[in-house]
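Here is what TrEMBL says about this protein:
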type: TRANSMEM; residues: A:6-31; note: transmembrane segment
type: TRANSMEM; residues: A:38-58; note: transmembrane segment
type: TRANSMEM; residues: A:64-84; note: transmembrane segment
type: TRANSMEM; residues: A:159-180; note: transmembrane segment
type: TRANSMEM; residues: A:210-229; note: transmembrane segment
type: TRANSMEM; residues: A:249-274; note: transmembrane segment
type: TRANSMEM; residues: A:294-310; note: transmembrane segment
Amino acid sequence: MEWTRILINVAGEVFAPATAAYALAAIGLNIHFGMTGLINMGQAGFMLMGAYGFAIATMNGWPVWAAVAAGMAAAAVFAVILGIPTLSLRGDYLAIVTIAAAEIARYTVRSSSLTSITGGNAGIAGNDFKGSFQQLCPLPEGSWSLGPFQYSNCLSNSWWLRIVGWGLVAIGIVLVWRWMKSPWGRVLKGIREDEDAVRSLGKNVYGYKMQALVLGGLFGALGGMIYVLPSAVQADALGRTLTFNVWTILLLGGAATVFGPVLGSILMWTVLMFIKSTLRDMPGGVFSSTQAEAFSWVLVGVTLMLLVIFRPQGILGDRKEVMLDGR
Amino acid sequence: MAAEDLATPRDRIAKDLEAVPRRPGSAKPDAIIVADHVTRRFGGMTAVDVHHLEIQRGAITALIGPNGAGKTTLFNLLTGFDRPNSGEWSFDGRPLSQLSAAKVARAGMVRTFQLTKALSRMTVMENMRLGATDQGGERLVPSLFPPLWRHREKEITEQAEELLARFKLDTKRDDFAGSLSGGQRKLLEMARALMTKPSTVMLDEPMAGVNPALTQSLLGHIQDLRDEGMTVLFVEHDMHMVRHISDWVVVMAEGRVVAEGPPTTIMQDEAVVDAYLGAHHDTDLGDDSLLGDDVLDELEAEAEAQEHRTQEDA
Amino acid sequence: MQQTVHPSPTGPRPRHRRGASPPAAGHRRRPRPRLVAALLLALAGLVTTAAAAAAATDGPCTPDPQTACIAGTMRTAAGDPAVGVQLEVSGPDGSSTVTTGQDGRWTVAVHEAGDYTVTLDVATLPAGETLTNPDVTSRTVTVELGRQGGAIFRLGPPNSAGTPTPSGSDSGTPSPAPDSNRVAQQLANGIVFGLLLALASVGLSLVYGTTGLSSFSHGEQVTLGAVTAYVFTQSVGLSIVPAAVLAVVVGGITGWLQNAGIWRQLRRRRVGTTQQMIVTIGLSMALQYFFQFLFGGGRLRILTASSSPVHIGPVVLSVQTLASAAIAIVVLAAVAYFLLFTRTGRATRAVSDNPALAAASGIGVESVIRTVWVGAAALAALGGVLTGLYFQATTWNMGGTILLLMFASVTLGGLGTAFGALAGSLVIGIVSEMASLVMPSDMRYAAALIILILVLLVRPQGILGRADRVG
């Protein structure tokens, strides 16, 4: 076993674009669930909207800013369509409808009848939509090494993408921190606790929930874009497992905390990478690489169960705030 | 002029209501809520069927009746938490029947709940601030810029501190609401409702589950509301409380208003006796002593006692 | 963390009490993680026997930004799957050897982009089979991460065109204009599929009704039934009927174990139903990938022989499908009888209606819930076996795929009403099969889910649900 290589791989995950993408999606989910109590089980659907919106707009010659706006607009429309029927219903309806809507979106973009637009089952190859983003790169051509980490400056899985991805995460953290401390965040918190009480005080609960749903969806869309930029857009990679991963990340780091999503994402991906690499390198080939992959997802599932049962506040959450239960 | 000023608000209201006929649906001299033909059905059951009801401005009106009489359902309808099958009502001359709960609250009619809805995982102070109106920082974009809302937040905090002091919750300011006792939560909920500066307060069983030691202070607070000029409508089971503090009593049974009158005489009304006796096994006159086997005797004794007290008052 | 389910915005409704444990559970006890572990171990023990015998397909492969898949399907000249053919894949991510599975499929996951060479070992071809172009035993595939690459080797007489592979149900081409025969055929398929779906949905609905839990792991109970039947037929060598019976028994046992080991403990700790729901999501994920770990990503055929077709008017159904439908009808009728006319069944409905009242009137709520879990898991297992037969194969994620259809059925019928779930399942089954008449068949599940959202807009309480009294 090559421990050095494994450890370098693990350390690389700390600032990988995918880790940033998941952190962004978890920041969005934190606005939904942590701040407002909305059970959104379709965060992958928002990421899918962002990814496909961005890629398709770019392929049609839109500049980067317009393509990003298109991806975000797609997610916002998705949120409004989901929110209208469900935000006035009980929480578990929202869970079922969001997961169903995310699956509808996935079935739709992977349908072979839309191959000319979405690439169908095969998706959209990276080179078809990465160009304009890479052209914005202010770094010189070539690649650059930081210690053992060597990446291209501008192409695919690049330093440029890392800078943008983590820059967005930083902006997200600042905004959420602001919102949580503001009267707006207070109303959301009230809705999370008991929406009827907030309604009885004259607040338009439906409107606030819609704002939260759209806002969290926008972060999901940005996460989706960062998620696909290192490689390609593929509908099946934007399915339910992705949503469940984002949930695990949020609950691991701590829902309703500012840094929870980021910490959760970094922790989950480094640990997973460690387990996967170790299993794959086991002498004698006990595990095939797909088995190692499957095993690591089993662990994610078990982690999610144990977290919710034994430590619902996650790593950063306030135990008192989580455990107090008035009813 | 001077003589009127000296009279307590309670006496004044009693005088205003003196001439009102003691029958269901009677007109009030100065009604703030006027409801007509309000019905609400669940499946085959009619939960509420109120032909006409008026609530006097500035008075404490009690809404009583046995379990399943439709009191809470009527409350939910009036406050926009439920939709009627038919009917309309106005509040302060303004039609209210199609408005959402939030808009009803913004119109000045704010309610509390039978099962207290203190926001457990928020502090007492946060609960209070949430009740305030006109906080621009509750909008998505301005919320990001504290200078836009900091000033108003300070005013809100002062208003909240005043109310907390009045309700003797100021020492609990930074505790989670979930850590308060049942009675303190009731107080908090009432104080929070007052943050909206309402003209009418709707209390759904304010005494349910409150420790007797706090009952007196709650009663006092409710009377204070009236003395400050607010209209109070409350659902209650505890007959003693009804007698002590209300100016007018509306009795519901099987969804309909069966009797109305001042608290001193209402219990003599045959319709009221029937209503409670009709449901005598699960009667919820509230007072446990009334739950004995011999309910009729008890009720008669009540009526007598009331009569006696009326004479004393006079 | 959300501790309680939001009450309905139209006012508190009785259902939100469901999260609470029955009154008897006043004393709190720590859950016993050992039991959870024991449950997982038992499950592991059950299926590990199958692992060795499972199809040798090298696991499934889902492309994601770190993974690319190279895959292909080998078919003999006659169009049957070519089983056991070895291929070597080598390239930037090293080299590995795969063998085609029962369905002729092979898949390799790679984690680095680049050119890969796929070389076929001619010696492992099934007897009598040759490549259509015997000179080319290797192909080069250019792989991009997040995508799937394919390498095709055709078998058949040299230089012939090879046999076109029959297109599966995944084909996405829009269907030709519907004629009346196709309408009848799809309607019949829809009814059958709806009946099979109902087996699983009724249990899901009963669990929700009695405990307030939306169980996302119910899909894995369905998969469990199918893969258990697969193990008993293909590895143990039983015929289908005893294998199915055993699968149902195993399903029921897992229902009992998981109620005792997990859900009962969580109810005792008064863990909110929302939290419990997220626990089921974790369980669902763990089980799903556990199946993938054991059985790989290929299609697992419970029965390899094909069943003879029966013509009924314009409709063609296989004997197997008809038998499945008949079994489903009988079992569903038995469930209905149980709910309507037996003591336990009536108690179940009483608990669904109002658990606190039921407990107060002397019904053992916990024992009802236990019965419901065992029954629900057993029904799901039966549904899994029959669905696996209906689709002609099962996969590690079959339950996950139909879970949403189950939820759609349950929601459509009105959350928590068993008969609503039955009606909802038929609607969903028919919609998803008939949808392929008017839209691409690979979007037919999407059609069923869209119906779900539309119904929620118009009638949130579902077809048979009732509007609840407020307060």
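Placed from the backbone N, Cα and C atoms, the Cβ positions cover glycine too.
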Interface check, the transmembrane segment (A:210-229) with the transmembrane segment (A:159-180), three or more C-beta pairs under 8 A: yes
Intrachain neighbours beyond the transmembrane segment (A:249-274), with Cβ under 8 angstroms and 6 or more residues off its ends: 6, 9-14, 16, 18-20, 22-23, 26-27, 29-30, 33-35, 169, 173, 176-177, 180, 296, 299-300, 303-304, 307-308, 312-318, 321
When counting Cβ pairs under 8 Å to the transmembrane segment (A:159-180), the leader among A:6-31, A:38-58, A:294-310: A:6-31
Same-chain residues at least 6 beyond the ends of the transmembrane segment (A:294-310) whose Cβ lies under 8 Å from its Cβ atoms: 241, 244-245, 247-248, 251-252, 268, 272, 275-276, 279, 287
